[in-house]
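Novice: Among the features that TrEMBL reports, active site, proton acceptor is placed at 302. Annotation source TrEMBL lists homogentisate binding site at 346, 389. Feature annotation from TrEMBL assigns Fe cation binding site to 352, 389. Residues or ranges marked as domain 'Homogentisate 1,2-dioxygenase N-terminal' in TrEMBL: 13-289. Per TrEMBL, the feature domain 'Homogentisate 1,2-dioxygenase C-terminal' maps to 291-434.
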Ligand SMILES: [Fe+2]
């Protein structure tokens, strides 16, 4: 079956279908019928709405969800800045025309989902709702009890490289394992428990717009990431119903938010997981990368790598450009005749940030060459705009004289992802120091 053989079994049930209008009730009958905002909702719940787009956005991109909860969200104390701020968020970023490679990223022990996040590279500004950032996380601890987090700045596309994230969101629970991805839209509150040792991976924080499925054009109506394979949480309710009235116990909770790049926190005297039902189009979702239906050449030449796009966040600057294209390179058959099968040498207008989720390939694999060193799990590369790259000389020569038989690229145990962006990405100092720089040139200093 075209699904990943996960070592950690699934523990939740889900709704299925990307972009679909979904509705879910943890308490049967908690979603009002027809009316979105009746005078008194069922079980005397309060109506609340969270929007991910303007009200007048076209239907295809309009994202709104109605929620029915015990305590309205404004019932909390004032937010104040956290004493400990992520240092890399405000520091100067650096642009370089050199290719960068990270064999891995430095890890500080004892961190959780919030404290372990570090910006690798960034372009744009959440205050202007422009651009995006790529981050790494490496959490050995679950978040503190009775604590939730949300980003006011951007949608989080999370790619676990190792470990499992058990995520409790306002709209329900998701278990996210290696070879799955999860998208948590801005504003949605959640907490993350770490399961089975250190959880580490990559994050794309999208300040601008939202991810959507790519158009398929002549491919037709299916393949690549199919809409039915995206999984959406089911409502979970931490309160109770007594005499037809919903309530939840008093207990202290802390809410942490990232707002314009800084962390703030506040407290409230009730759980944020007091939503009995919801319906709408704005929700978190996860996807098993093993379900991706790969398209490729069955005659000659490489199609463009855009055929590997899972999700795209269009820029609207000009047709066909993206703030971020999220693509993957899964195991697949290569059968092209009279074709140079490794990636040809190229320079692209889009910047490319690639990371390694799984690589059990032998040392002779093309993916373990290319730059002369292995492409290791939790490693990454950044090839900025017009940075030339391709195979090393030895691999290049071998590819030109190899006997072209059908071969399985990647085999089992292989998954590399690629973020492509129209933007030039600025690299934070810590990430620059962690990278092994090719070319040895001094990076250009430039605040973004
Ligand atoms: Fe490339």
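Every residue, even glycine, has its Cβ placed from backbone N, Cα and C.
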Novice: Out of 346, 352, 389, which of these binding-site residues is nearest the residue listed as 'active site, proton acceptor' by C-alpha distance?
Specialist: 346
Novice: Quick one: give me the count of other CB atoms within 10 A of the CB of residue 346 (homogentisate binding site).
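Specialist: Summing over all protein chains shown, residue 346 (homogentisate binding site) has 13 other Cβ atoms within 10 Å.
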Novice: So if I draw a 10 Å sphere around the Cβ of residue 302 (active site, proton acceptor), how many other Cβ atoms end up inside it?
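Specialist: Excluding its own Cβ, the number within 10 Å is 16.
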Novice: DSSP says what for the domain 'Homogentisate 1,2-dioxygenase C-terminal' (291-434): how many helix, strand, coil residues?
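Specialist: Going by DSSP assignments, the domain 'Homogentisate 1,2-dioxygenase C-terminal' (291-434) contains 23 helix, 46 strand, 75 coil.
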Novice: Whole-number Å only: compute the distance from the Cα of residue 352 (Fe cation binding site) to the Cα of residue 346 (homogentisate binding site).
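Specialist: Computed Cα spacing between residue 352 (Fe cation binding site) and residue 346 (homogentisate binding site) is 11 Å.
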Novice: For a quick check of packing: other C-beta atoms within 10 Å of the C-beta of residue 352 (Fe cation binding site), how many?
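Specialist: Around the Cβ of residue 352 (Fe cation binding site), 22 other Cβ atoms lie within 10 Å.
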Novice: What is the total of other Cβ atoms whose distance to the Cβ of residue 389 (homogentisate binding site) is within 10 Å?
Specialist: 16
Novice: Given the model, what does the mean pLDDT over the domain 'Homogentisate 1,2-dioxygenase C-terminal' (291-434) come out as?
Specialist: 89
